[in-house]
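Visitor: Take a look at what Swiss-Prot says about it:
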TRANSMEM  21-43  transmembrane segment
TRANSMEM  60-80  transmembrane segment
TRANSMEM  99-119  transmembrane segment
TRANSMEM  147-167  transmembrane segment
TRANSMEM  195-215  transmembrane segment
TRANSMEM  224-244  transmembrane segment
TRANSMEM  257-277  transmembrane segment
TRANSMEM  284-303  transmembrane segment
TRANSMEM  308-330  transmembrane segment
TRANSMEM  351-371  transmembrane segment
TRANSMEM  375-395  transmembrane segment
Amino acid sequence: MLKTILPTIMLIPLAWLTSNNMVWINTTLYSFAISLTSLHLLHQPLDNSLNLSPEFFLDSLSTPLLILTIWLLPLMLIASQSHLSSGSTFQKKSYITTIILLQVSLIMTFAATDLILLYIMFETTLIPTMIIITRWGNQLERLNAGSYFLFYTLVGSLPLLVTLMLIQNTLGSLNLMMLPYLAKSINNLWSTNMLWLTCIMAFMVKMPLYGLHLWLPKAHVEAPIAGSMVLAAILLKLGGYGMLRITILLDPLTTHMYYPFLMLSLWGMVMTSSICLRQTDMKSLIAYSSVSHMALVIIAIMLQTPWSFMGALALMIAHGLTSSMLFCLANSNYERIHSRTMILARGLQTLLPLMATWWLLASLINMAPPPTINLIGELLIITTSFSWSNLTIFPMGLNVLITTMYTLHMMTTTQRGKTSHHAKSIKPSFTRENTLMTLHLLPLLLLSLNPNIIL
């Protein structure tokens, strides 16, 4: 793991010591080199001692999420260049440093061996994310969004710390590799369901569960492009990863406690998809669609079958890349017309035909057609939920229908129709942007052709 963590940390002195005109090129190239060298981690042989240490370990669950995190760093740097082009050199280097610190804390979260270390790094990700939102956001409302993000996350997470300390005293260890063997001895000791709630709620807020999701649209809308990308692609997946890890401990209790959360997720999935139909703001629409997709992941994790876990992992990876790509496309529109309102971006297909192709591909993948990895994830989850209860097919089917409707609505509103007057003298699409979209699409294409890479 140090082969990944140390080179990532060394990007910070690289950013500060590089000459001003080379800072973006050097950091992007070196971070891309790190992401390429980390791909060998996907090969997980049975004798996996190379990826084990007392502090860090990798398995088939954490590796895909870890590689997604590392892959996204150069993409965030490529996407942010235009946003910071008018800023001072100090601002640019501070921004890059904040992103790299966030990256390191995310890598350590996904690789943590101990639940306490996982909790500490889980909370550490909050600080750089909030700095990115409140310092480099566009509107004044970013301060409000930052405080929402901070308080929702902290209020959800603090009971988890107390519970983990209690479990540590009861079991004597919080090592993730020991938990399956230790958990059997504590079933009779847990007479209350509050422990289950405190353990799960921190991750439910991060997912977010419908009803606890109000921080997400605010944070997405006010964050700069790198903030939106990392929020959608990775920070939401921290909640899913934490739930997958901690349900090993809570196994017998989950089957008694999951009904309200399953109902809320099924209802919230349809509701947030319906909210998307009423959105005029591009970033807000993509943010609400993230809540809808993550509700599917919550359902999968609660049902606790091998198929549902595979579906949850596939959908998390697929959604991470798809939503990040959609945010990049929304940002490319915003940089040209200086508005996130969809109706003001109408008719861009005639002005930016290549960008319209990226919009079409991203919209299609968001709708999960065959043979994409999105469809594989959704099919696994829908099949599992149908075997749990036949009635779930109605909200699931309705969600698929509404998802198609709002995605097509977003696509046609921004690309078709008569071009608005202020959009006629816009800049053409840059090679930087086309490279960015290609780097989002390549992993999706690879995973669609061979899902066994992560499943």
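Yeah, the Cβs are placed from backbone N, Cα and C, and that goes for glycine too.
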Visitor: Do the transmembrane segment (308-330) and the transmembrane segment (351-371) come together with 3 or more C-beta pairs under 8 Å, pairs six or more apart in sequence?
Guide: yes
Visitor: Restricting to the same chain and to residues at least six past its boundaries, which positions have a Cβ under 8 Å from a Cβ of the transmembrane segment (375-395)?
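Guide: Cβ under 8 Å, 6 or more out: 266-267, 269-270, 296-297, 299-300, 303, 305, 307-308, 310-319, 368-369, 448, 451, 455.
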Visitor: Do any residues of this chain, six or more beyond the ends of the transmembrane segment (21-43), have a C-beta under 8 angstroms from a C-beta of it, and if so which?
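Guide: Counting only partners 6 or more residues beyond its ends, the transmembrane segment (21-43) has Cβ contacts under 8 Å with 3-4, 7-8, 11, 14-15, 51, 58, 63-64, 66-67, 70-71, 73-74, 77-78, 81, 89, 92-93, 96, 453-454.
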Visitor: Using a Cβ distance cut-off of under 8 Å, indicate which of 60-80, 147-167, 195-215, 224-244 has the most pairs with the transmembrane segment (257-277).
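Guide: Stretch with the highest Cβ contact count: 195-215.
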Visitor: Quick test of the contact rule: Cβ under 8 Å, at least six residues beyond the ends. What residues does that give for the transmembrane segment (147-167)?
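Guide: Sequence-remote neighbours of the transmembrane segment (147-167) are 115-116, 119, 122-123, 126, 129-130, 133, 174, 186, 195, 198-199, 201-202, 204-206, 208, 212, 214-215, 218-219, 249.
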Visitor: Please tell me whether the transmembrane segment (60-80) and the transmembrane segment (351-371) touch - that is, whether there are at least 3 C-beta pairs under 8 Å between them, with each pair 6 or more apart in sequence.
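Guide: Between the transmembrane segment (351-371) and the transmembrane segment (60-80), which are separate recorded stretches, there is no contact, as judged by 3 or more close Cβ pairs.
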Visitor: Take the transmembrane segment (99-119) and find every residue of the same chain, 6 or more past its ends, with a Cβ under 8 Å from one of its Cβ atoms.
Guide: 1, 4-5, 8-9, 11-12, 15, 53-58, 62, 65-66, 69-70, 73, 76-77, 80, 125, 128-129, 132, 157, 160-161, 164, 167-168, 174-177, 179, 226, 230, 234-235, 238, 241-242, 245-246
Visitor: Are there residues at least 6 beyond the ends of the transmembrane segment (351-371) whose Cβ is under 8 Å from a Cβ of it, and what are they?
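Guide: Same-chain contacts beyond the ends: 289, 318, 322-323, 325-326, 329, 332, 377-378, 400, 403-404, 407-408, 410-411, 414-415, 419, 423-424, 426, 428-429, 433-434, 437, 440-441, 444, 448-449.
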